[in-house]
Amino acid sequence: MSNPHSSAVIVLAAGAGTRMKSAKQKTLHSIGGRSLLAHSLHAAAGLSPQRIVAVIGHRREQVRPEVEAVAATVDCEISVAIQEQQNGTGHAVQCAMHELEGFEGTVVVTNGDVPLLRSETLRSLVDAHTAVPTAVTVLTMSLSDPTGYGRIVRNDEGEVTAIVEQKDGDEETLKITEVNSGVFAFDAAILRSSLGKLDSNNAQGELYLTDVLSIARTEGHPVRAYRAHDHRELAGVNDRVQLAQAGKILNQRLVEDAMRNGATIVDPDTTWIDSEVTIGRDVIIHPSTQLLGKTSIADNCVIGPDTTLTNMVIDEDAHVIRTHGFDSRIGAHANIGPFTYIRPGTVVGENGKLGGFVEAKNAQIGRGSKVPHLTYIGDATVGEESNIGASSVFVNYDGVNKHHTTIGSHVRTGSDTMFIAPVTVGDGAYSGAGTVIKEDVPAGALVVSGGKQRNIEGWVEKNRPGTPAADAARQAHAHETKEG
């Protein structure tokens with residue numbers, strides 16, 4: 001037998017997955033912020049194997065970039081084997097073994113559509129396989145309804161003698177509730193030898209990987225099973241219903257992990273957390289919150305309710321309420337929301353504020369600066385301790401190009417100020433309400449752009465006679481005359 005202390009992993013991801021009814025290859029559908037295939041590859045990488053081989057075939061032009069993207073993030077080599085025609089799992093492993101020429105050790109075979117399988121379970125399988133000399137160890141599970149799964153057939157001593165697929169089983173065999181998960185640990189030398197002896201004499205007319213067990217046993221090699229503790233880990237995803245079910249189980253796992261690590265999640269059923277999100281201690285997450293991508297929440301933050309954060313960095317003690325944010329950073333002790341939209345490239349400094357109905361895009365807000373109400377701030381830099389008045393607009397687009405606005409420190413702008421970029425407002429400057437700033441404002445200046453107010457008496461009664469406004473004006477004038 002081979003050296004049991006080295007390992008390689010084969011991940012099968014060549015199938016068509018027609019039940020998904022999708023233009024996307026099955027294993028590229030996502031739960032928890034990762035594709036099904038990425039989950040499987042990361043679980044495999046957790047074994048620290050010498051190599052991972054992903055077997056791809058159907059729509060491989062879609063799948064190969066995903067394999068390459070995962071390979072760039074893990075500490076082991078991942079290569080690709082092509083299965084030109086999908087002729088069964090045995091044929092898929094034959095294709096993969098060309099990438100493992102000369103390898104001697106344990107070969108783990110798993111699938112690209114089992115996103116809930118943990119590295120720890122794979123490690124337990126390998127440990128069980130290598131504890132004593134074994135040709136094959138199959139990872140099994142017990143199901144109350146085993147329909148569709150290959151049944152584990154044992155002899156009187158409890159040894160595995162065969163795996164019988166659903167379509168090939170007789171009535172007695174189909175009563176067995178212990179089933180094949182599709183995950184195996186093989187001795188590399190015995191696997192290589194047995195693959196050459198497979199035939200397609202079965203209901204599907206394919207090469208079954210499971211027949212390797214019968215071949216190995218016939219040749220006198222031991223075949224064993226290791227039963228998984230949680231059958232949900234081994235649930236395959238074949239359609240959209242199963243995709244949603246797996247996503248819910250994964251999210252429950254991630255939410256519970258966050259709570260066990262010191263976060264308070266007020267309503268776990270309405271909180272969704274992606275696999276690469278990090279959450280600190282004493283964070284409070286209110287209902288209907290989604291933390292997506294590589295979002296990072298530092299200690300003592302309050303997030304939600306009704307908040308979606310994607311690839312956001314939230315520093316300690318920040319409060320983010322009813323906000324949608326993407327690819328940005330919120331500083332320590334900052335206050336965001338409610339109803340705030342944060343677009344990529346925005347940085348809010350320590351003690352900063354983006355208030356109700358504020359949209360920020362590619363904006364750097366300095367320490368202690370506030371944008372409290374009803375404002376669009378795009379392509380802008382704001383210094384420290386400045387205040388942007390309500391209903392202000394940073395007019396950054398001329399129809400062709402985007403332009404930058406620079407606001408200094410300790411600036412106070414009146415409500416309804418328009419900043420026509422490119423423009424700079426110096427430190428300590430003020431603007432009057434309704435000002436349209438088209439030119440640079442010196443430090444310490446007060447800028448106003450409106451002319452003297454004119455009141456045209458009687459205009460409404462003269463130009464809008466018979467309207468409610470004219471009637472109200474006439475009554476007001478009559479009241480003034482009576483009191484006068």
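Each Cβ is built from the backbone N, Cα and C atoms, and glycine gets one as well.
Computed from a predicted structure; not experimentally measured.
Per Swiss-Prot, the feature region 'Pyrophosphorylase' maps to 1-240.
If you look up Swiss-Prot, you'll see 12-15, Lys26, Gln83, 88-89, Gly150, Glu165, Asn180, Asn238, Arg343, Lys361, Tyr376, Asn387 marked as UDP-N-acetyl-alpha-D-glucosamine binding site, on the strength of sequence analysis. According to its DSSP assignment, Leu12 (UDP-N-acetyl-alpha-D-glucosamine binding site) is in a strand. Here the Cβ of Leu12 (UDP-N-acetyl-alpha-D-glucosamine binding site) has 27 other Cβ atoms within 10 Å, regardless of which shown protein chain they belong to.
Under the heading Mg(2+) binding site, Swiss-Prot lists Asp113, Asn238, citing sequence analysis as support. Packing around Asn238 (Mg(2+) binding site) is summarised by its Cβ count: 16 other Cβ atoms lie within 10 angstroms of its Cβ, all protein chains included.
Secondary structure counts, DSSP: the region 'Linker' (241-261) has 20 helix, 0 strand, 1 coil. Per Swiss-Prot, the feature region 'Linker' maps to 241-261; the stated evidence is sequence analysis.
If you look up Swiss-Prot, you'll see 262-484 marked as region 'N-acetyltransferase'.
Residues annotated as active site, proton acceptor in Swiss-Prot, with sequence analysis given as evidence: His373. Taking a C-beta cut-off of under 8 Å and a sequence gap of six or more, His373 (active site, proton acceptor) has these contacts in its own chain: Gly355, Gly356, Phe357, Val358, Ala390, Ser391. In the three-state DSSP scheme, His373 (active site, proton acceptor) falls into the strand class.
In three-state terms derived from DSSP, Ser415 (acetyl-CoA binding site) belongs to neither a helical nor a strand segment and is classed as coil. When other Cβ atoms within 10 Å of the Cβ of Ser415 (acetyl-CoA binding site) are tallied across all protein chains shown, the result is 17. According to Swiss-Prot, the feature acetyl-CoA binding site maps to Ala390, Asn396, Tyr397, Ser415, Ala433, an assignment based on sequence analysis.
The feature region 'Disordered' is assigned by Swiss-Prot to 461-484.
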Measuring Cα to Cα, how many Å separate Asn180 (UDP-N-acetyl-alpha-D-glucosamine binding site) from Asp113 (Mg(2+) binding site)? 15
Rounded distance in angstrom between the Cα atoms of Tyr376 (UDP-N-acetyl-alpha-D-glucosamine binding site) and Tyr397 (acetyl-CoA binding site): 12
Using C-alpha atoms, which one of the binding-site residues Leu12, Ala14, Asn238, Arg343 comes nearest to Asn396 (acetyl-CoA binding site)? Arg343
Given the binding-site residues Asn238, Tyr397, Ser415, Ala433, state which is nearest to Ala14 (UDP-N-acetyl-alpha-D-glucosamine binding site) when distance is taken between Cα atoms. Asn238
Cα-Cα, Arg343 (UDP-N-acetyl-alpha-D-glucosamine binding site) versus Tyr397 (acetyl-CoA binding site), nearest Å, comes out at 16
With the acetyl-CoA site defined by the record as Ala390, Asn396, Tyr397, Ser415, Ala433, how many Å span the farthest pair of C-alpha atoms? 22
What does the DSSP secondary structure composition of the region 'Disordered' (461-484) look like, as residue counts for helix, strand and coil? 19 helix, 0 strand, 5 coil
Sort the binding-site residues Lys26, Gly88, Asn238 by C-alpha distance from Ser415 (acetyl-CoA binding site) and give me just the closest. Lys26
